[in-house]
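One structure is given here, and the rest of the page talks about it.
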Amino acid sequence: MRRIEALVLLSTLSTGIFAAESSRPRGVSPEFAKFYKDTESFTCISNPSIKLKPEQINDEYCDCPDGSDEPGTAACTYLSSLSPPQPISSIGKPNTTLALPGFYCKNKGHIPSYIPHTYVNDGVCDYEFCCDGSDEWAGVGGTKCEDKCKEIGKEWKRLDDIRQKSARNAQKRRVELVNEAQALRAGVEIKIGRLEQEIKVQEGKAEELKKKYEEIERRERGRVVQTGGGKASKVTILAGLAKARVEELRESLVKVTGKRNALKEKVKELEAILSTFKEEYNPNFNDEGVKRAVKSWEDYAANKVEEDESAEDRDLEEISKPDTESEGINWAEWETEDEESDVDALYKFEEYLPTQVRSWVHQKLTDLRILLIENGILADNANSGTESKAVTDARSAFQTVNDDLGIKSSSLGDLRNDLEKDYGPDDIFRALKGTCVSKDSGEYEYELCWLDQTKQKSKKGGGHTGMGNFVRFDRMVVDEEVGADGKGLGKGERLVLVYENGQHCWNGPNRQTTVVLACAEKDEVWKVVEQEKCMYRMDVGTPAACEEGGKKEKGEKKDEL
Amino acid sequence: MRPSSTLSNTWTALSIAALCLFTPAVSVKHENFKTCDQSGFCKRNRHYADKATGLGSQWEAPYRITPESLSWKNGQLQGTILKTINTAGETVNLPLTISFLESGSARVTIDEEKRQKGEIALRHDSKARKERYNEAEGWAIVGGLDLSKAATEERDDSRSIITYGPEGKFQAVVTFAPFGIDFKREETTQIKFNDRGLLNMEHWRPKVENPAPEVKEGEEAPPALPDAEDESTWWEETFGGNTDSKARGPESVALDISFPGYEHVFGIPEHAGSLSLKETRQSSGNHQDPYRLYNADVFEYIMDSPMTLYGAIPFMQAHKKDSTVGVFWLNAAETWIDVIKEKEAHNPLSLGIGSKTDTKTHWFSESGLIDVFVFLGPTAKEVTKAYGELTGYTQLPQEFSIAYHQCRWNYNTDEDVKDVDRKMSKHQIPYDVIWLDIEYTDDKQYFTWDPLQFPNPIGMLEQLDQSERKLVAIIDPHIKNKDGYHIVEELKKKDLAVHNKDGNIYEGWCWPGSSHWVDCFNPAAITWWKGLFKYDAFKGSMANLFIWNDMNEPSVFNGPETTMPKDNLHYGNWEHRDVHNINGMTFHNATYQAMLERKKGEVRRPFVLTRSFYAGSQRLGAMWTGDNQASWDHLAAGFPMIINNGIAGFPFAGADVGGFFGNPEKDLLTRWYQAGAFYPFFRGHAHIDTRRREPYLAGEPYTGIITQALRLRYALLPAWYTAFHEASVNGTPILRPHYFEYPADETGFAIDDQFFVGGTGLLAKPVVTENAESVDIYLPDDEIYYDYFNYEKYSGQGKVTVAAPLEKIPLLMQGGHIIPRKDRPRRSSGLMKWDPYTLVIVLGKSGSATGELYVDDGETFGYQQGAYIHRTFEFSNSVLESKNIATKGKLTDKYLKTMKTVGVEKVVIVGAPKEWAEKSSVKAGKEDARLEYHAEEGKNAAWAVVKAPKVLIGEDWKIEF
């Protein structure tokens with residue numbers, strides 16, 4: 001089953017050369033048939049100086065240093081860089097690179113295939129390569145391998161149809177994903193355009209409001225005392241602000257207390273875990289790390305002082321209660337404005353003047369004041385809190401617009417960054433971001449969230465454990481099985497998502513996950529393995545990893561035998 | 001040596017220094033294990049020795065035979081030794097039996113009459129037995145006890161002289177007062193008992209309450225009154241917070257055994273140290289403590305130490321020029337052995353060559369009998385053979401089990417196992433067995449599988465079976481104490497567990513937490529245990545699953561010295577103290593019995609690996625040297641340990657390849673595989689906290705080099721299996737040290753870093769040091785030696801330098817041998833069964849060569865009924881002949897029929913004579929076969945090859961050159 005690609009390749013090869021079949025020695029493929037045609041003698045394929053008698057082909061003795069005289073036996077298998085070196089039985093400096101890719105199984109009724117020569121006549125029917133059982137032609141030790149090509153072929157065809165269909169669906173889905181991604185991208189671009197427009201408008205507005213505000217403020221600065229407002233309003237403002245502030249602080253306090261309580265629980269839980277750990281750990285078998293951990297725990301436990309926090313808790317509870325008339329601060333008292341005092345009236349001397357004179361005087365005085373202020377002679381009272389409503393309004397109008405502008409600019413920045421960001425080939429992961437797939441495997445349930453994080457959850461209880469946060473795309477050459485259902489990474493270069501800096505591993509590194517992708521119809525985690533302590537690999541199928549137009553994944557090539 | 005060695009040494013020194021600085025001393029917790037000073041009887045006996053030595057000739061040993069008690073019958077001398085126990089002259093009776101065996105071995109047994117008769121009182125209402133433990137024989141000895149008919153005794157007033165052994169060449173001279181025995185061979189004394197007067201049998205005595213203050217742990221004992229015995233360790237001993245109640249008081253036994261004229265003693269495994277044992281008492285550079293035998297789970301053990309390890313074989317060989325003798329101290333209790341060597345220089349002119357060294361040993365055990373076997377050789381082969389007649393020879397293993405084992409703590413899931421299996425195949429790396437450590441179980445409950453991680457064990461086993469591969473799963477003696485676990489419930493219900501001193505089921509801690517220990521001294525426990533391994537009982541097991549017994553010292557995490565309290569009670573109410581060193585073997589034995597027939601009618605050779613062992617464990621499977629470390633010194637320590645185990649009768653031994661703790665650098669891993677290819681038991685293993693290190697992960701060039709080493713092992717499997725067969729019939733070690741093969745060559749006596757592989761003439765010295773580019777190999781004779789890989793010639797006698805870059809294993813072929821091989825690489829050894837052989841004829845100076853081959857089905861007991869091929873190959877006068885040396889049996893013909901297709905594909909003649917240059921064919925059987933000759937090239941010898949001679953491995957034939 002794992003020879004799918006090889007099979008496909010061979011099937012195309014074999015069709016043209018079908019004619020030569022009958023005359024080929026055992027184990028020779030049509031591709032190499034030409035070397036075995038001579039009926040007078042045989043020439044070692046990669047060592048033309050060595051000529052053999054035809055009966056030396058497949059005579060169970062390896063004569064050619066390239067193994068070409070034994071296409072149908074295992075006699076030349078010792079010729080390998082993986083075997084212990086030995087002087088080769090040949091004169092001169094022979095070419096010892098193996099000339100043949102393997103033993104050729106015709107597999108009539110199915111697809112021809114090569115099987116490694118080391119598998120020939122070893123007593124095992126290797127149907128995954130040789131459905132016709134021809135690898136065990138000698139029947140060593142009574143081995144009989146019946147021809148199963150018909151049923152295997154049929155089953156293969158059935159599965160191949162499914163695979164093909166699935167591959168087509170995968171392609172379709174990929175196209176959909178690309179379109180979705182494009183749409184999302186376009187959406188972002190539109191948003192950017194819109195934002196840019198809005199920002200432009202807002203900028204104009206802000207400019208205008210700023211001017212207005214400055215003008216008003218300039219004018220207001222000259223006023224000695226505002227009409228109305230005054231002290232009383234200062235207090236009310238303060239009260240309002242204070243109230244808001246207190247509310248805010250109170251909310252924070254409630255939140256913090258909650259968090260503290262949760263953490264306390266956690267500490268308790270951890271302490272319980274650690275004391276059990278201390279009880280149960282094996283003083284003789286565990287390593288330095290364990291010993292250190294136990295020691296530190298003992299120290300920690302010894303230094304720990306149990307504090308009575310009930311009083312503090314009661315205080316906190318008291319403070320956390322909302323203010324009412326009877327409890328805390330009665331804001332109502334402070335928020336209502338008092339009557340104007342008589343003293344204030346005295347300052348409004350201008351009101352005693354005739355109207356024209358009054359406005360003239362006022363203008364002059366104001367100008368003078370501004371002049372004095374601008375020359376640093378008189379103190380500026382604009383900041384003294386006695387700001388007029390006009391200034392406040394103007395400023396707040398300006399600030400509102402300006403704030404909005406800030407938000408918009410930053411959104412724009414985000415969107416622009418998002419456009420720049422690597423979403424993989426064809427931007428395709430834009431369509432997947434925010435979605436997750438999970439997989440039940442052994443003791444754990446694993447979850448992969450695209451471009452976000454990987455997690456594991458033990459079935460034996462406990463929370464999620466972060467296995468890493470997405471950091472980047474990568475590529476990796478793999479050589480893995482492909483199941484009959486077409487699931488599996490196969491062989492070649494694959495797209496990889498690298499997740500790093502997950503939860504720290506006890507006595508190990510921070511968890512990390514290498515997510516290796518292969519083309520599939522659906523998003524599916526096929527396999528999760530802990531390759532090293534806390535370093536995981538997920539083999540994942542997704543249409544997002546399919547190559548454009550259904551061409552093979554990069555680096556795809558015939559499986560070497 | 002080479003100039004670069006200084007540099008590399010400096011670097012090593014520096015890196016060691018760096019290690020010391022940065023790693024908190026990674027080594028054994030010494031405080032967990034007793035020194036002699038902390039072991040009461042060790043201290044007492046050493047003190048006794050000091051006293052006797054101090055007094056010199058004034059020392060009067062208080063043991064004498066009463067001549068009138070003696071009787072001689074059927075090769076056995078019986079009598080009574082009187083021990084004088086006080087100045088008043090009171091004595092106790094110690095029955096003595098000296099047996100002379102048909103094999104030429106002698107046995108001396110001393111017991112205590114009062115204990116035999118049960119006339120003693122035990123303290124604390126103890127339920128323990130009153131006798132001295134006398135059942136060690138039942139576990140260790142399986143034969144060879146027939147008494148000699150030819151032995152004769154002569155006696156006078158002062159001594160008795162027994163003449164025995166082959167052709168009456170041996171004599172035992174028993175002196176009555178003080179008691180002592182000299183064992184002679186051809187008039188020369190070889191072994192002396194009680195020569196130094198250190199015989200000591202602490203007789204039973206009631207506790208007399210005297211005002212001596214209690215000694216608390218850690219405090220110095222108050223100085224004993226002059227002349228009064230120090231009783232502080234008699235009645236109670238506390239160590240590591242655990243108090244031993246010692247209901248029988250002091251009861252140790254001790255004897256000094258001297259080897260006059262013998263400079264080297266070997267054996268008494270298991271210790272991490274040199275083959276030739278070091279002195280333990282005098283001068284610097286030696287050990288401070290005696291060699292200790294008290295099976296224990298020693299965490300991160302240290303090098304070059306007499307400290308105890310996981311197993312114990314109290315069998316020692318002494319060797320001098322042309323003579324090997326041995327003693328076997330059959331006692332299962334904690335035992336210590338002091339070794340001293342004394343140079344005798346009677347003639348000052350003969351200093352050096354003529355000076356004679358005596359090795360004197362002093363053995364003491366905490367309880368039990370004095371029961372010692374004496375072997376007088378004169379060759380090492382005869383000594384190991386005689387020892388094996390008693391304790392059994394090594395099991396003829398399943399053939400797969402001498403191939404490569406891939407282990408790790410842990411392969412996490414069944415899919416993980418299958419994945420490793422596929423990857424090994426894909427990378428064309430042969431292996432036979434993949435292993436599962438404790439994590440495969442459901443919550444450390446043996447005989448179960450983790451349902452989440454191993455949901456489909458049968459599917460996993462079936463995939464392995466596809467390429468005739470096997471699985472080994474661990475099963476330990478601690479049984480998890482958990483409600484609902486059927487095994488522990490049966491264990492408790494049937495009362496088959498070890499008991500504590502009060503007679504209740506003992507509870508301790510091990511991997512599963514609270515646990516009980518199955519008591520395999522109990523026959524009923526063995527019967528029960530056997531039932532647990534049936535395929536229908538151990539669900540998820542099938543025929544290609546085998547077993548690993550670990551932690552059987554027993555290891556008890558919260559026990560004294562990580563094992564059981566000594567006052568625990570075993571079957572028959574023997575104290576754990578009495579049986580401790582045998583305990584591991586009884587568990588191993590129970591599993592062996594269980595694995596014989598897991599399905600009615602399907603009888604197979606078991607394969608069970610054990611960590612703890614005793615004399616006799618060789619009958620049951622393989623052992624490994626426990627938890628070593630990924631460091632060069634541990635790599636180097638492996639061979640002396642394995643060789644030592646081999647000469648002590650247990651050759652099926654290996655060390656964890658790669659080192660259990662820690663991550664080996666790639667060159668270390670590679671070298672370790674090259675070394676491991678020469679371990680009789682060849683397994684890669686790793687701790688759970690280490691990085692994965694399956695051979696295909698190393699990357700090039702390492703993976704390729706490792707694969708070559710593995711394939712070398714596989715190619716040589718026929719030779720290895722033949723060596724195992726030899727060990728299984730006569731006890732000859734598989735890795736043979738120099739003294740064994742060259743008993744007259746004094747230069748070689750202490751060599752323990754190179755060795756011969758069986759009788760193949762392969763001389764190996766795997767590299768065990770960092771950055772080596774070459775090694776010096778010592779050649780013991782003036783034969784021609786050829787490099788295994790390129791036929792480069794070397795000649796002895798003396799040291800030669802052999803190139804050893806990383807990709808090369810220093811391996812020589814000694815002239816005069818014929819080595820059988822199978823060169824075709826397959827996925828597993830099972831798939832090589834039908835492959836043809838290659839015979840390598842290594843011509844010696846004489847122009848001739850011989851070799852042997854043993855073949856059988858590798859898994860059943862059919863060989864016992866003749867289902868095997870056993871042949872010698874002889875090359876002389878230009879004729880190679882294959883001769884049958886098998887004994888025909890009921891199944892011979894049937895077996896030979898199955899082997900009808902298996903032949904010889906080529907015969908390589910290394911050192912081929914020049915005259916053959918013109919030859920192009922030879923007569924092979926009835927037909928002609930082609931011959932190709934390759935002339936000598938530089939240092940590389942000439943060689944020739946006979947191509948496809950078409951002769952069968954199971955038949956007689958000749959090839960005429």
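Just so you know, glycine gets a Cβ as well, placed from its N, Cα and C.
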Stretch carrying region 'Disordered' according to TrEMBL (options B:105-125, B:147-167, B:210-230): B:210-230
Interface present between the domain 'Glycoside hydrolase family 31 TIM barrel' (B:395-723) and the domain 'DUF5110' (B:838-877) (three or more C-beta pairs under 8 A): yes
Residue counts (helix, strand, coil, in that order) that DSSP gives for the domain 'DUF5110' (B:838-877): 4 helix, 22 strand, 14 coil
Segment confidence, the domain 'Glycosyl hydrolase family 31 C-terminal' (B:731-819), expressed as mean pLDDT: 97
Summary of DSSP states over the domain 'Glycosyl hydrolase family 31 C-terminal' (B:731-819), given as helix, strand and coil counts: 7 helix, 35 strand, 47 coil
